[in-house]
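Q: Quick one: the structure is below, questions incoming.
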Amino acid sequence: MAGCATSALDPVGMKPTQEESVIGDDLLQAITDTTAQPLHTVTLNDTSILAIAVYQERGLLFAGAQDGTIFVWDLVTQQLHATLIGHTRSVLALELAAEKGWLFSASSDSTVRLWNVRELEPLALIYPATDNTGDILTMTWCSALHTLYLGCQDTSIQWICITPEKLSETPLHAVPESRPHKFFDSMSRAMSGASSPLPLAVRTAEQLIRRTAVHMASSVATDAHPPLPLRACAPMQMSVLAVNKTCVIPSAHFGYVYSLTIVPVASGAPILASGAGDEMIRLWTLNADGILLQHTLELPLPTGDAILTLGAWESTLLAGKQGGTIDVWDIDSRTLIRTLRGHNDDVLCMQLAEPGAERTFFSGSADGHVCRWDKYFRCTARWAAHDDIVQTCAVYSGNRAATSRYSWLTAEPVLITGSSDECVRLWSFEPPAAVPAASEEAAVPPSLVQRLARFIRYKSVSNGPTMLADDENMEDSRQAAHFLKTTLMELGASDVRLVSGGARANPMVLGTFRASKGPARRRCLFYGHYDCIPASGEWDSSPWELSGRNGYLYGRGVSDNKGPVLAVAYAASELLHAKELNVDVVMLVEGEQETGSKGFQACLREHKELIGKIDVVFVCNSYWLGEQRPCLTVGLRGVIQVIVRITGLHADRHSGVDGGAEREPMMDMIKLLATLTDGAGRVALPGFYTHVRPVEAQERAYYESIVHEARGPPTSAESLMALWCMPSFTVHRLTNSNAGHSTVIPNSVEASLSVRIVPDQSLDAIEQLLRDSIQRNFDALQSTNRIEVSVFHRADWWLGSLELPYWHALAEAIEAEWGEPPVRIREGGSIPGMAILEKELGAQAVHLPMGQASDHAHLPNERIRLVNLEKGQAVVRRFFHTLGAMD
């Protein structure tokens, strides 16, 4: 029911009549929701989206673009599924024949194409009756008559009956002839020589078929992993059809035919409604022999507003018009009931509720707004959906029978809008109340992503020496802990409580999903964290509001680690409610991980009885090596983070007055830091490398085999080993007491340093070596200044054992969901809790990285791909199920 923009037509002001229900501009402003946010935004190839259609059966969105492309978007995974190539100009309309699995696309290149949406293959190229038809602006399918009806620029309505038998024919000779046409007063478009990606002067069927292709997208298209190649179509795979010259009403209207729709009727012949630039709506009776004009609906006083889009229920016809109004007609009495105004510009598209639901509809306008109307024709919502013209809209009804609730798109209806701003947006809306069933289903609980959106709003920044949290962050952290506690309880966990982490420390959240039947054979502890780092830098959207764009969810903490925490909780909950959870899953989620897990070990020891015996520790807090292949993390480096402060004898001084008189703290700090590494960049602490475990030849060979999976650097096995297997030293920042004046000698200078350690270095020994070396090298400077060295965070290295049955269970779960074995990787980062949990609980740990290398954890625009969140949850569900079956 999409219309077509009428930029060439000047809007005419409203002339209210007795029947009109006009909302004033002040009231429009009052009902406009200025806070509405899309669930997801999809940007497709920098081109305007002019038409969309949704194949409900498979959850596929088809988006027709100004450049002639049809994009196929998977609404469940939120990934580009395919691209259909064929049209040489703008795709103006899309129409589904869902019962046949067909999609029709109409274009300003004067052709219609037919596609098989189940197999994503082209079926036919369809020509109008004459070569001077012009743009095919609209179309509608009548399933009862197996007939497609076309509304055209030359004011005609044309139709063609299409059956599988007809598609087996290939009448290449049926290409229309070229001749003058009185409507255009020019030669045919085929002879006009107009420029386009494919010159229209070569519009033979063979050439148009030859350019047809289906581009199947890879799961993620990157420079390292380009999309799959085009799948070209042999000419014999497509039929070439043409509208018979007897199947045309040449002057169906006195203007462009902008919209066609089938009017539902209780009995009798189908009725076709057509709307055009002549302000008229015409009703046509349809049968196998053709169409017959039944009635013309028109206003007694013309307003000059074209009919741009139509929608119909049984007995009611809606007409969206130029100028921003919607006429409501009673079809039986053929009278205008009322005129609605919710827009300030042309109404270009409308979408009605699905059959069987209460009457409600949406309208989209050239003013960029969308309105929702109830069954009494009241505007119940209005919001700015796009920055440009809303060209088209549709509804995905969702799949309430879906077994997985990872995505709101799986179960709940969404409104989809397409615009000239090159975006498709998905909107949550209150679905119309369905006709009551004999047995009402229980209410669907909030989905993982809905809860994640609420979770992200808490600015749960933890407090530490290098990451200072304010009062707002501290309160948000407390509220985030309470939110997680409530979530776990609602999902079915028992004994859920907040455990104090100590003075000025965020609490830990502890709860257990208990085995569904009897005592559990195994007990698994999941360890995660709800705190995050500050959201500094340039973000494309608010870091504290979940934003969905192009298959990814953006927000601080969405990947590290709030998203994975909820994915694990939902996986356990699903098994619990299906009575298939045969393992106890203990959830231990802390709020101080980003600042070194202060107080974690002491708190763990204090509450070990609440946790009980644990067989395996499970962690989801790292990332893949690249973008495509799933991974399994088998090792982490340790870390020692230090602050070194050098302080002078006096307050800040002026370099012009006191410069050179005494040793300056900044100069001492520069010299001191220079002593900690050699000219090759290696750590210059005596004996530092003595206990580093050498990389064996077999391990090196494995790194050489997987380095191509990496996203950007590293580019060699040596660089992988440097990141994973070798220790390192880093200076993170230098600060001083100078307020920013270029002539001031600062009284104090502070350096933040870290040392990463690897197997088999001793955490305690390296810390002491670092302290001793800093002090000794500073003493060698013979400075009058003072030095302080403080360790504010440390974590031991961790290396998993691949011989454990738990590792095999997790690897098998990954392969079952992703269809390929995981890549075994290490991480250059550190997680303090892992080594602590293994030591205190006497249980080995396994580590599932859920995100991709491009998730931007700790950076602006942190994100996680919806597919990774979905499959990550599914992997966890399989893993828990396997644990419960172990002897």
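For all residues, glycine too, the Cβ spot is worked out from N, Cα and C.
The repeat 'WD' feature in TrEMBL is assigned to 42-83, 84-125, 340-374, 396-437. Among the features that TrEMBL reports, domain 'WD repeat-containing protein 54 beta-propeller' is placed at 54-117. As annotated by TrEMBL, domain 'Peptidase M20 dimerisation' applies to 635-775.
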Q: With DSSP helix as H/G/I and strand as E/B, how many residues of the domain 'Peptidase M20 dimerisation' (635-775) fall in helix, strand and coil?
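A: Within the domain 'Peptidase M20 dimerisation' (635-775) the tally stands at 48 helix, 37 strand, 56 coil.
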Q: Could you give the number of helix, strand and coil residues in the repeat 'WD' (340-374) as assigned by DSSP?
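A: Once the DSSP states are binned, the repeat 'WD' (340-374) shows 0 helix, 19 strand, 16 coil.
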Q: Restricting to the repeat 'WD' (84-125), what is the model's mean pLDDT?
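A: Here the mean pLDDT over the repeat 'WD' (84-125) amounts to 95.
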Q: What counts of helix, strand and coil residues does DSSP assign across the domain 'WD repeat-containing protein 54 beta-propeller' (54-117)?
A: 0 helix, 38 strand, 26 coil
